[in-house]
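Positions annotated as compositional bias 'Polar residues' by TrEMBL: A:14-24. The domain 'CBS' annotation in TrEMBL covers A:167-230, A:231-287. If you look up TrEMBL, you'll see A:1-28 marked as region 'Disordered'. The transmembrane segment annotation in TrEMBL covers A:312-332, A:386-409, A:415-439, A:451-475.
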Number of protein chains: 2
Amino acid sequence: MTESADRENETAKPAQQQETSDQNEIYGEDGSIRQDYLAAIGAAIADRDVLFLRDQVIPLHESELGDLLEAISGSQRQALVALLGDDFDFSALTEVDEAIRLEIVGALPNAKIAEALGDLDSDDAVYILEDLDEADQREILAALPFTERVRLRRSLDYPEDTAGRRMQTEFVAVPPFWTVGQTIDYMREEEDLPDHFSQIFVIDPTFKLVGGVDLDRILRTKRQARIEDVMEETRYRIDAEMDQEEAAQLFEQYDLLSAAVVDENERLVGVLTIDDVVDVIHAEADEDIKRLGGVGDEELSDNIISTVRSRFSWLLINLATAILASWVISLFDATIEQMVALAVLMPIVASMGGNAGTQTMTVTVRALATRDIDIYNAGRVIRREAAVGLINGVLFAAIIGVVAGLWFANSSLGGIIAAAMVVNMLAAALAGILLPLLLDKIGADPAIASAVFVTTVTDVVGFFAFLGLAGWWLALA
Amino acid sequence: MTESADRENETAKPAQQQETSDQNEIYGEDGSIRQDYLAAIGAAIADRDVLFLRDQVIPLHESELGDLLEAISGSQRQALVALLGDDFDFSALTEVDEAIRLEIVGALPNAKIAEALGDLDSDDAVYILEDLDEADQREILAALPFTERVRLRRSLDYPEDTAGRRMQTEFVAVPPFWTVGQTIDYMREEEDLPDHFSQIFVIDPTFKLVGGVDLDRILRTKRQARIEDVMEETRYRIDAEMDQEEAAQLFEQYDLLSAAVVDENERLVGVLTIDDVVDVIHAEADEDIKRLGGVGDEELSDNIISTVRSRFSWLLINLATAILASWVISLFDATIEQMVALAVLMPIVASMGGNAGTQTMTVTVRALATRDIDIYNAGRVIRREAAVGLINGVLFAAIIGVVAGLWFANSSLGGIIAAAMVVNMLAAALAGILLPLLLDKIGADPAIASAVFVTTVTDVVGFFAFLGLAGWWLALA
């Protein structure tokens, strides 16, 4: 990562451009904010040097300001926001962790927050509002002008994680009978356009969505052409109640830049844009990785107590399954007493099964998330995983059989661990594919629960197969 | 997932729109292609019913055709591509797994491929070309018209995974002294524009990049305004040699829709668009998840042999670490012989350490990937993880101490396992944070190697602490 960060640094800011891109220079070679920049900001905060801070901070992109806020201490953050006053760009709050956002917003009076939110795009305003408690939300909304209030209220009325909650309520919409020339003239005259847009929407008098036109299409069409002749019917409209993850999948599948969001009466209520969707894609991938790792939706800025709490429940479930595995071992305590080598070797069988099961499970969970697995190929994938498990099982059975046989100078012991290995690797493959499929089928998130079930299966089967076979063989001998 | 897929289905295609969105209807309620649709396509392929196939397949979006290709069998794929002939949309090949892409392209003569690639956007053509062997690449390029050949050659000359390899070489560029009106007139007249664009670039006579203008800015500006007055200097230009992951991070950080790609002389050579970047973001997240799960860059369409091979090496490393852990146990075989309960309980200590270590490692690897961790907060994060490990260690020590003490009616044994648990949970936290940081520091990918090192530490420390303490206590008694 360090290497490629260096490369970015060389290439993103060529020498002859440096004077125009000073802002980029807040990042050092490793991609994090430069230490001397942080020191200068910190000193200016301590000195209450508002002029210097304005000069440094106002030109920053909202994401750069977000990174800066995350890099300084809590007390510095409060002081910086206070010193900047109206010059503090609230949209930077959409770029920081929730804990930091709440900390900053929590320290400001509601009237101040309302004033700042009025200047933001509606999606950014909603993003900041949604985490506040209801009393604060109400007070802030009440302080906003009527149209703003109605817009934000509408977004907030949609459930969390829906397209309606994420959409921007500023958009450009024209009637189908306008000409391209009229449309361009309208955009030249109108003051109140969204900051950025890549598509204009076509609506009927009742605000029902009729279609959409990409801006490049407008630009390559003669002025006299009518909008209804150049528009496309929007195949990929998004219902405001749609889950944001579903919406993100539509964007990805059809390479959309923006899409109309409609209410239950087919009326245009907002627009969802690709930058929000990129955030959703990232958040979903993050969620999958973290759930597979057993850390829920923890963030780096969470404090010790909430981190302990969120990890505790996962570890508690794991403790229960570990005790279950121990109970399986305890069934064979007489066998182990007879031959301590079994205690030495048994973790190998369990560990190999656990890892093989995790491999299969990872592929399955990922394929479910990206919808690469479905009822048509599930059968084929299950057979493939079983075959892979069996082949790797036989290969590792041969290796561990020889190793164990030589180690304890006991070829029967080698044979027993080899047999147990084949059994457990096959069980691992089947658990790794079938458990996530089953969890998905019953509507549970396969990422969150698969890991614990899969390793439970491989521990229990591993110990049972190895110690059971050994006990049977010792009884024969 | 099934639930939300249902919701999408209800909402994405409202009843009054269904006649216009028949194409969407190839997907069933679970988000995969409908079985009856597949059956109809399969029957038409068997009957060589070209008319029906054209009617069904030509209106599909490239990603829908890609899904169809992945859902049918290999022989059906070959037959479908052959039957469609020139009506087969080659851009669908950018939507399927590499194995399927090579299978389809491999069955076609190079002249045919050249003809098809000529119709594609350059980035799609390069995507298909780059996986072919060099002889085929040369032959296909030789069959293309001169300008096409030069463009594709240029992209292919950039290393894999760079912006230059991913960029599209079709773009709109105008001189700075043009007016907005002239620019619009040019776009209305020019036949050879890219299919979609959201930004036009401004270049000097030597093709050096001067700036860029978003289309919405063009549309809201009077005709007589000059381009140089409305353009923005492109702060976020991308060097063609830049790693695609770095480029993706710039897109994400600055919410870009497209960005100019320049060569080493600052000349504009192409444009990178957000849809390519979304693919990169997805691929990188996929890579992280799969590497953490020990399955490298495996794809679902890989055959059994290559899957076995790719997983084997990871399992082999795990076997070596499992044998190391067993060796630690073997040091205490006399102790276990004295008290078999130790063999029953020891996997609990190792397993809890492994899980706690995986939690910390997951957070760390993810934070490194998203650059949320850096030299400024590393110290704080390390202290936090150590504190969390210690607190959870103490909590679980208390639980397992009581459980083990009651189970074996031996309070000393409870005390021993409790002490070992605290030690191992602390070791897990430190290994989970320090190993990924170290791997990242030395330029290794923390996602690929952390898991095996972390569980090695927790196994070895877990067995050593528990059995060592027990041995010491038994020797005293």
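Glycine is treated like the rest: Cβ placed from N, Cα and C.
Unlike curated records, TrEMBL annotations are generated automatically.
Among the stretches A:312-332, A:415-439, A:451-475, the one making the largest number of Cβ pairs under 8 Å with the transmembrane segment (A:386-409) is A:415-439. Within the chain carrying the transmembrane segment (A:415-439), a Cβ under 8 angstroms from the stretch's Cβ atoms is held by residues 345, 348-350, 352-354, 356-361, 363-365, 368, 373, 378, 381-382, 385-386, 388-390, 392-394, 396-398, 400-401, 404-405, 445-446, 449-450, 453-454, 457-458, 461-462, 465-466, 469-470, 473, all 6 or more beyond its ends. Within its own chain, the transmembrane segment (A:312-332) has Cβ neighbours under 8 Å at 294-296, 342, 346, 350, 452, 455-456, 459-460, 463-464, 467-468, 470-471, counting only residues six or more beyond its boundaries.
Each residue in the domain 'CBS' (A:167-230) has a pLDDT score, and their mean in this model is 91.
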